[in-house]
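Copied over from TrEMBL:
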type	residues	note
REGION	69-88	region 'Disordered'
COMPBIAS	77-88	compositional bias 'Low complexity'
REGION	98-131	region 'Disordered'
COMPBIAS	116-128	compositional bias 'Acidic residues'
DOMAIN	169-269	domain 'Cyclic nucleotide-binding'
DOMAIN	301-414	domain 'N-terminal Ras-GEF'
DOMAIN	419-489	domain 'PDZ'
DOMAIN	644-730	domain 'Ras-associating'
DOMAIN	755-922	domain 'Ras-GEF'
């Protein structure tokens, strides 16, 4: 709903917001504004989906229900009027005063209670005090507003433009109109509620826009009307005398307005026509453009498309681009779905234009952008898949090998993992598809052909798909015969695949080469098993680092010893979502999205996607020298994906253990090999297997042998489970009844035992992966209620995160019966919220604060009274970041500060609200 949504603007995308004002609408009024396209591109960055979910399956966000309103301190001007007024900016003094009966573990009545922190907590408190100093930021918008209009410079105007474009009163105006209005507007504040602003029959001379609070209009006939933040009132754009019909008074304290004089308002709105250019064909207007000047020197000026007919907008794709409208193609490819019934309307024109020599390069660039930005438009759509195949043939005919290679790379890099389920009646039943490849050739396993009309074709299996996993077993490094055995010997097949036509063609080329030369071709890449793919003949401009660290095979590193050793080791490999320092050794890791290059992984497993170049201003090239120094201030570096090392503990029958650092791709067989070496066994690794032992709450011990190719081992193990190394030649009890009881006790973990920094980091990793996985088209589909084949599943999943985390906070606090422990849990969550702020995870930070503000938690007066005063102050400072006044101005100022560099997890309700306002306003 609109009430549950609000926005965020990562600072590196500030320049986007200076362009968030072009309303590229077809004359029918169905094409969305280009600002939506820019904003969507700011927030959308796609990778693989995060597999783990919180258990709660909750409804959409309703943080402003009656329970929350009881505890949220809010000016009367914000009650029920401002869309963002209930976001929550309460302080502890506003907590609902209620009595409660609490019983602790021990009766301590009559004794003074004092909270004693451990030395570790005292050190953490010092860090918190230092961190809390950075929570507050300058109110840049107010500083600009309070300046005299004559004293405002270009930076001030840009700051005001960025803020004003989100308000309903300004959304349907052009950029030039908004800019002129920002240069003359005056800021006014009415401190007290009930103040009369305009009286009945009073002459009007100003146009008002509400920035904070609300007003009430009492009409002479007795009708009462309320206006809230973002609405406007006052004069209309005319020089005639106008009078107030009714009385206007403020509904709450601290009402803020911007005012524009009648003469200025009339002059600006009546000079719009001079900046517009209308394109006519056969006597009808088919396109409207607006003149823009991006600098005062006049060197960067031109026309930008405002609206047009669908046919004319398609035609504009291949026309000479304007210097002030460089991202028209990207905007069109994102938003065409709102006014065209089928993407093939564009595809057919592109194939037709490709035959024209002068347009061939432009058409190729458009297709590359389309595949790179929105590959989901092609996946699952047979017509669009056929379009790609036809376009590939045309590239081959035109001998554009470089562009063909780039297209194939884009298809491989942008393809998403798909889950396919096949059922066979018996093990002897046919598969209905054939495969090629295998580790002996230096390749993965690929689907060579699929029988038409078969079950395999029905579930979406296609020629050129690479099989990544089958029933949880990794197929990226498996021999051909082993893959065939697994596929044939299982009646239930849960297959994970992704489109990888580029490497599939390389495989076919390799096979033809072997047949021609009568012998196997030795792979140039992926001679070792640790690589994902093999590409024997990479483009000449693809470079790889030669540093020995980056070419070392990814292996499991073992560390033995007690808890202190493992803690130190974990500290060294601790993941941080904060931007790390640029790499100096050029080490490169494996791509999480299974990019087509078979890069190797260094010890600490910093996985990197192909670093973009400059194929366009908003969508990156796929090829760039991989050993370049990374600039974390560049928005393109949001394409990087950091995978921390994982650690598992492996036991043997005498309960001795060792720790092993692994990656998600490490298989059970790899773990066995390194564990055997660590324990110093003389028998070959083939003699042993990896087993999982788990203990149920009733004390039942379960043991199972893990398949050799099983991966993601750290994700699969439960708290009540252990990995054991078992000798296949011996019958031995891995876990005795006594050991099982110890395991059960170890699995009982409370929140207070966990590091607040680690909890915040894990929340941030989880949320960031969900956020990055959202396709940019999902924002548009959701906004326009488009029922697309791709759907909005990733967006909905991220949208539910706030509810899940909010009620998780409340549950953890309310399930604790002891008052003192409840206070410590509240304190724990305040620390976690602060660390989320340091991780730039504003979504979880807001969810935690909302959970602490829920009525069942906020009414626990005894628990809150025991909270140390410094945490009370810290909680107030954290809440203040999300002060809803002036359209979340404080939160936006934090995001726009120079110190706030990507990656960032924005507050999703703000994103949703901004997109909704842009859509409704246009």
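Quick reminder: no glycine exception, Cβ is built from N, Cα and C everywhere.
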Under 8 angstroms for C-beta pairs, at least 3 of them, ignoring pairs fewer than 6 apart in sequence. Is the domain 'Ras-GEF' (755-922) in contact with the domain 'N-terminal Ras-GEF' (301-414) by that rule?
yes
Mean predicted confidence [pLDDT] for the domain 'Cyclic nucleotide-binding' (169-269):
90
Tally the residues of the domain 'N-terminal Ras-GEF' (301-414) by DSSP class, grouping H, G and I as helix, E and B as strand, and everything else as coil.
81 helix, 8 strand, 25 coil
According to DSSP, how is the domain 'Ras-associating' (644-730) divided among helix, strand and coil residues?
19 helix, 33 strand, 35 coil
